[in-house]
Amino acid sequence: GGGFRGAPGEPRIPVPGYGAGLSRRPPGMARQGSGAMLASGGLGFPPQNLARVVVWEWLNEHGRWRPYSAAVCHHIENVLKEDARGSVVLGQVDVQLAPYVIDLQSMHQFRQDTGTMRPVRRNFYDPSSAPGKGIVWEWENDNNSWTPYDMDICITIQNAYEKQHPWLDLSSLGFCYLIYFSSMSQMNRQTQRKRRLRRRMDLAYPLTMGSIPKSQSWPVGASTGTPCSCPQCLLVNSTRAASNAILASQRRKLYPGAVRQSSTFAGGAALWPTGTGTAAVAGGTAKGEGLRVPGGAFAPGQSVPGGAPLPGLNNLNRPGTQRGTGLGARATVPPGVPALPVKNLNGTGPVHPALAGMTGILMCAAGLPVCLTRAPKPILHPPPVSKSDIKPVPGVNGICRKTKKKHLKKSKTPEDVVRRYIQKVKNPPDEDCTICMERLVTSSGYEGVLSHRGIKPELVGKLGKCGHMYHLLCLLAMYNNGNKDGSLQCPTCKAIYGEKTGTQPPGKMEFHLIPHSLPGYTDSKTIRIVYDIPTGIQGPEHPNPGKKFTARGFPRHCYLPDNEKGRKVLKLLIVAWDRRLIFTIGTSNTTGESDTVVWNEIHHKTEFGSNLTGHGYPDPNYLDNVLAELLAQGVSEATLKD
């Protein structure tokens with residue numbers, strides 16, 4: 001029921017068109033009529049004299065390219081026209097993006113407060129597609145705010161909308177979602193969960209034609225000889241310097257023995273005014289090199305004293321590790337300036353210490369307070385606990401529950417189940433059946449696809465509790481496509497008829513108390529839940545019966561506070577486990593792997609001592625939220641009384 005995400009290293013999903021399959025095309029090639037063109041490495045180039053809409057995108061932790069807004073893309077393009085190797089301060093156009101800077105030369109987004117780097121790309125689309133018209137499609141997330149779809153998905157939805165298709169199946173793109181335009185909703189085909197959908201008009205994305213302008217010296221404009229020493233400029237300049245230092249170290253790995261020094265500022269700009277000497281740039285050839293920081297600010301855009309300016313480079317269409325470098329020798333350093341070594345340039349994690357370190361050094365040089373730290377890591381597990389300290393949870397029977405393979409109940413036929421919960425409607429209203437999207441006064445859209453004795457395609461029924469009406473044949477098709485457990489769930493309001501069960505594979509659930517406290521619950525001990533599911537073979541209720549499924553990351557540890565509400569949640573989670581609702585088999589949002597065990601719409605807290613991933617504490621609303629999620633699965637407090 002969430003957004004569309006993939007995984008690092010997975011094959012790039014091709015440019016979609018309505019009903020398109022997963023065909024492969026070389027990078028940079030557009031499929032006719034799709035309205036989209038994939039970007040090449042680095043800054044892409046549209047074909048000469050061919051107008052294209054430009055969308056800048058960043059790569060998230062799930063391997064999906066997420067679009068910047070149209071306003072941000074216009075801002076990036078304006079900076080690009082003036083200096084193709086400059087830096088773009090995103091906070092100038094969107095205050096929510098204040099910590100972020102894009103370095104156009106390395107094609108990376110840099111977060112100044114954590115040092116996190118993410119690749120960015122310049123992508124091209126047809127002017128007649130959704131971004132060219134300023135059309136944005138969004139889905140409602142769990143926080144009741146709106147999230148835009150990836151641009152390729154947005155274009156696919158808009159194409160279907162313009163062709164007046166009543167619905168759109170995204171399974172051909174690798175996503176188990178259906179889009180219904182009449183109700184403006186997105187439905188998860190596996191869980192039947194619906195989310196609201198909306199289409200809104202925004203600023204059209206920028207238009208470009210042919211290749212981009214050649215790069216100019218940085219900074220743009222006539223140099224006054226007086227550098228800007230505001231904190232923002234210091235941060236931007238340090239970002240560029242450190243980013244190039246990292247690229248230089250990567251080049252030395254690829255080309256050992258070669259003397260390649262990065263031109264940190266376009267046009268060979270020096271760090272200091274000519275009257276005070278120059279600074280050593282990280283990325284040179286001497287061992288133990290560092291950055292010498294004077295007490296004043298620097299003046300970008302000036303030449304190295306006593307020599308010619310370093311040549312500018314137009315390396316925009318090549319990956320960072322393959323770009324050529326400027327020429328020049330190591331410069332002298334003003335006397336009396338302490339050397340501060342830049343370490344760990346070859347960091348392999350998402351946070352490059354050099355970037356955060358260089359930022360801090362230059363802030364310190366400007367007299368600004370700074371604390372040099374690495375980005376914090378999540379605290380996933382509590383301190384070690386001895387067996388004698390592990391206790392049963394008060395008021396909860398036992399410490400372990402096991403589930404076995406599902407035993408199908410054969411006492412009720414699908415027709416019996418459907419008839420049990422509906423009342424026949426003799427004169428249905430002239431409204432849509434939200435399952436087949438045909439009018440209720442006409443035959444079901446499943447006529448000719450599904451036939452069943454005793455159920456005519458024009459018969460309409462009303463669900464008893466909620467009163468929503470559907471074709472009986474449509475309800476039968478929905479039931480046959482589900483778990484066939486004797487229950488029905490209204491696709492409109494999610495009301496559950498009968499006892500809903502899931503498709504969770506066999507496994508074990510353990511729960512006990514540990515003598516540690518969660519953040520935000522310092523007066524309580526902690527309930528630890530341990531789920532363990534082994535790999536196995538999919539059953540008839542799973543997506544690919546007979547095929548092996550994987551179970552990654554087990555055993556999985558989850559945490560609840562040991563208070564009255566936390567114990568209530570635990571009891572309901574035990575019921576959900578017994579009904580096989582906690583996990584299912586599908587495609588992982590984290591890794592993109594299919595036929596694997598995944599969470600099933602009931603959120604758990606897997607981070608014990610922090611909340612950096614959003615799956616930890618403190619989270620004052622979590623217990624109420626998970627109670628609502630359990631209720632949506634038919635697991636309520638009334639269940640405990642029964």
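The backbone N, Cα and C atoms fix where each Cβ goes, glycine too.
Not measured: the values here are computed from a predicted model.
Positions annotated as region 'Disordered' by TrEMBL: 1-33.
Among the features that TrEMBL reports, domain 'WWE' is placed at 42-122 (among others).
According to TrEMBL, the feature domain 'WWE' maps to 123-199 (among others).
Look at the domain 'RING-type' (433-494): DSSP puts its residues at 9 helix, 12 strand, 41 coil. Annotation source TrEMBL lists domain 'RING-type' at 433-494.
In the domain 'WWE' (123-199), the DSSP tally of helix, strand and coil residues is 19 helix, 29 strand, 29 coil. Assigned with DSSP, the residues of the domain 'WWE' (42-122) fall into helix, strand and coil as follows: 19 helix, 31 strand, 31 coil.
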